[in-house]
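K.L.:
Got a structure for you, questions after.
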Amino acid sequence: PLPADVDAGVSCRFRGFILLITFFVYTCYHMSRKPISVVKSRLHQNCSQLIDPSNSTHRANDTTWCSWAPFDQSNYKELLGGVDNAFLVAYAIGMFISGIFGERLPLRYYLSAGMLLSGLFTSLLGLAYFWNIHVLWYFVLIQICNGLAQTTGWPSVVTCVGNWFGKGKRGLIMGIWNSHTSVGNILGSLIAGLWVNGPWGLSFVVPGVITAAMGIVTFFFLIEYPEDVDCSPPQHHGGPEESQDNPEEPGNGHHRDSSMEPAAGCAKEPTPEPAAISFFGALRIPGVVEFSLCLLFAKLVSYTFLYWLPLYIFNVAHFGAKEAGDLSTLFDVGGIIGGIMAGLISDYTNGRATTCCIMLILAAPMMFLYNYIGQTGIVSSIVMLIICGALVNGPYALITTAVSADLGTHTSLKGNAKALSTVTAIIDGTGSIGAALGPLLAGLISPTGWNNVFYMLISADILACLFLCRLVYKEILAWKSLLGRNRG
């Protein structure tokens with residue numbers, strides 16, 4: 001441990017290191033999820049334009065001889081949707097349990113074990129190519145196991161960052177930090193694209209090995225709490241005046257400096273360990289239910305793009321598998337921009353719910369326009385993808401990071417930050433139900449036309465806005481009250 005008189009500069013370096021290592025950790029989680037969306041176009045493709053090998057035994061009019069059984073059938077979209085859903089349903093169910101374990105187990109061990117298992121199951125998907133496996137249950141079973149393993153990630157990294165950072169510029173800091181989601185998606189797409197037209201098994205094996213290696217790094221270097229290196233924990237809230245302004249909502253109140261920045265000094269005496277909060281106790285925190293239901297529909301939209309966008313571009317714009325995967329990364333580039341913008345605006349206005357609601361309202365017409373004019377040219381496709389990515393992923397990023405951290409350190413908890421893991425798991429777990437429904441519905445609806453898929457996404461976007469109406473109203477009242485006091 002560092003000596004008791006460690007200065008602010010050393011403490012700042014520790015905080016920077018925690019941001020960096022957790023950024024790489026969750027980048028690996030998303031990198032290992034993305035390849036399946038790129039490889040879909042290879043698992044089922046039109047083989048009529050390909051050179052027929054001389055030793056083939058397929059029928060002369062067979063246009064799917066180069067596809068990978070069992071996805072060479074006419075119902076391949078439903079089968080691929082089922083494989084996606086196996087992961088997402090397991091992830092949604094496991095997330096509610098994962099937060100409870102995350103509060104009660106050492107985060108370093110819990111996170112490292114989850115990364116090793118995620119790397120293993122991701123690699124096993126790719127080994128189906130090398131082992132010549134063609135049975136559906138193998139892909140479904142591996143996706144279920146992978147979904148459960150990946151629930152270790154999000155509650156752990158948000159809790160770890162929340163342990164080190166106070167409320168201050170949390171929206172901006174976490175907006176930038178949350179770009180790991182989009183960076184992971186981009187890396188996963190690019191890595192998968194290298195082998196999608198060849199030995200596509202490597203599209204899974206390489207991200208899996210990288211994820212497992214990062215799990216080993218996490219085991220040796222992650223620092224869970226400031227107290228572990230004799231540094232005092234941050235103040236998540238200021239004095240009693242802050243709670244008097246608006247005790248119900250985490251994003252309302254005055255701009256104050258007392259709770260803005262993490263403390264840099266060092267603790268000389270350990271503080272008593274607070275008790276973990278119960279599941280229903282976390283649900284009673286004001287704002288948790290509303291933001292959870294909003295995230296359900298926001299994540300439905302985001303994950304539908306995550307899993308089906310490359311195939312949509314492949315089918316509608318008629319790009320190759322690699323080109324479609326590469327172009328889809330622009331949606332995640334927009335997600336990086338949107339996450340940072342949402343965090344910056346919500347910090348400046350002190351209105352998390354209002355920021356999310358406005359971005360969701362703007363996202364609906366942008367998705368409509370992308371479907372109708374986004375494929376008319378490469379320039380329009382690039383511009384619309386970036387705009388849609390920013391507006392769709394901005395609210396999703398803000399809710400899963402800054403909002404979760406705000407609610408997990410709410411004033412009603414009286415300084416007990418042990419709720420952070422459970423609150424994060426409840427919000428992201430509820431959102432993961434939507435993440436499971438979106439790709440499943442897309443698989444069922446897409447045979448009737450891609451227009452219907454976009455109508456479904458726009459409807460989900462509008463529902464996400466409706467669940468924030470009460471919180472937006474309260475934030476507007478808080479602004480009016482503050483404006484009146486300033487005039488006085």
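Cβ from N, Cα, C; glycine included.
Pulled the feature table from TrEMBL, pasting it below:
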- 12-32: transmembrane segment (TRANSMEM)
- 18-476: domain 'Major facilitator superfamily (MFS) profile' (DOMAIN)
- 85-102: transmembrane segment (TRANSMEM)
- 109-131: transmembrane segment (TRANSMEM)
- 137-165: transmembrane segment (TRANSMEM)
- 177-196: transmembrane segment (TRANSMEM)
- 202-223: transmembrane segment (TRANSMEM)
- 232-270: region 'Disordered' (REGION)
- 288-309: transmembrane segment (TRANSMEM)
- 329-346: transmembrane segment (TRANSMEM)
- 353-372: transmembrane segment (TRANSMEM)
- 378-399: transmembrane segment (TRANSMEM)
- 419-441: transmembrane segment (TRANSMEM)
- 453-473: transmembrane segment (TRANSMEM)
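Neighbours and distances for these, please.
P.N.:
For the transmembrane segment (12-32), the residues of the chain that approach it from at least six positions outside its boundaries are 111, 115, 118-119, 122, 146, 150, 153-154, 157, 160-161, 164-165, 173, 177, 179-185, 187-188, 191, 204, 207-208, 210-211, 214, 217-218, 221-223, 226, 229, 231, 262, 264, judged by C-beta separation under 8 angstroms.
Long-range neighbours of the transmembrane segment (85-102) within the same chain, counting only residues 6 or more positions beyond its ends whose Cβ lies under 8 Å from a Cβ of the stretch, are 33, 36, 110, 139-141, 143-148, 150-152, 154-156, 159, 276, 279, 303, 421-426, 428-429, 432-433, 435-436, 439-440, 443.
For the transmembrane segment (202-223), same-chain residues at least 6 beyond its ends with a Cβ under 8 Å from one of its own Cβ atoms are 14, 17-18, 21-22, 24-25, 28-29, 31-32, 34-36, 38-39, 107-109, 111-116, 118-127, 160, 187-188, 191-196, 229.
If one looks beyond the transmembrane segment (329-346) by at least 6 residues along the same chain, the residues whose Cβ comes under 8 Å of a Cβ in the stretch are 170-176, 178-179, 181-183, 185-186, 189-190, 251, 302, 305, 309, 352, 355-356, 359, 382, 385-395, 397-398, 401-402.
Long-range contacts of the transmembrane segment (353-372) within the same chain: residues 249, 251, 287, 290-291, 294, 298, 301, 338, 342, 345-346, 384-385, 387-388, 390-392, 394-395, 398-399, 403, 450-451, 454, 457-458, 461-462, 464-465, 468-469, 471-472, 474-476, each at least 6 residues beyond the stretch ends and with a Cβ under 8 Å from a Cβ of the stretch.
Proximity of distant same-chain residues to the transmembrane segment (378-399), defined by a Cβ-Cβ separation under 8 Å and at least 6 residues beyond the stretch ends, is recorded for 171, 175, 178, 181-182, 291, 294-295, 298-299, 301-302, 305, 313, 317, 327-328, 330-335, 337-339, 341-343, 346, 352, 355-357, 359-360, 362-363, 366-367, 369-370, 427, 431, 461, 464.
With a threshold of 8 Å between CB atoms, the same-chain residues lying at least 6 positions outside the transmembrane segment (453-473) that come near it are 249, 251, 287, 290-291, 293-298, 300-301, 304, 308, 312, 351-354, 356-357, 360-361, 363-364, 367-368, 370-371, 392, 395, 434, 438, 441-442, 445-446.
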